[in-house]
């Protein structure tokens, strides 16, 4: 009896144990279904060779960009210079056309005089051929009128020639031969530029080419801004070098500090805002 009761108890205990299994034990989860979403640090770690090549590429791109910007600014200045030269040439062409028209009009005005004189002489000779005395008087009157018209025509020619060739000597183009001449011409053009507020009109007023002034500008700027550097460059000797070579040496003598002063004076219109024709 005791054995049967113990078996029944164990069976009951077993049954209760089997029923309580799903509630007491934790569910078994497969660890393979969980994946890490955070990236590994090893994936972002690049080799040192790749990093150095990328840095070199960025430096080269920056250098090319800087060179492109400098070239763009130089081209912009060149365009402005060419536009001013174009305006100057247009003014010269307009002046030439207007002077040619005036000469043609003067020529046309002076031409009909002899024709009228010939017509008057022919009419007087043909209309009164029957009367010798009247014919002679008409011929003498025609000759007097012809001589008077001839004198007027000569006076007109003389006045036109004086107007054509009587240009003031101050407006004639002069060739500078030394540094003092370059400085004197530069100051004259600068004064005209400050009055007229136009580079092309200032060059036209003094009958000087823009490129000629630009090639000798470093000499004048060195004498105005930094005359103490003239000892480094030396005096100009026409027997040893040309004026263009001396101007290039003056350009190379302009250091960064002097160039900053020059640019500041150009912005304030105290120097001619003209670009250099030399390169370092």
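Glycine is treated like the rest: Cβ placed from N, Cα and C.
Sequence-distant contacts of the coiled coil (63-101) (same chain, six or more residues past either end, CB-CB distance under 8 Å): 199-201, 203-204, 210-211, 214, 274-275. Among the features that Swiss-Prot reports, coiled coil is placed at 63-101, with the record citing sequence analysis.
Feature annotation from Swiss-Prot assigns compositional bias 'Basic and acidic residues' to 103-121.
Among the features that Swiss-Prot reports, region 'Disordered' is placed at 103-176.
Taken from Swiss-Prot, the feature phosphoserine applies to 130.
Swiss-Prot lists 133-146 with the feature compositional bias 'Low complexity'.
Swiss-Prot lists 151-164 with the feature motif 'Bipartite nuclear localization signal'. This prediction places the mean pLDDT of the motif 'Bipartite nuclear localization signal' (151-164) at 56.
Summarising the annotation, Swiss-Prot assigns compositional bias 'Basic residues' to 152-168.
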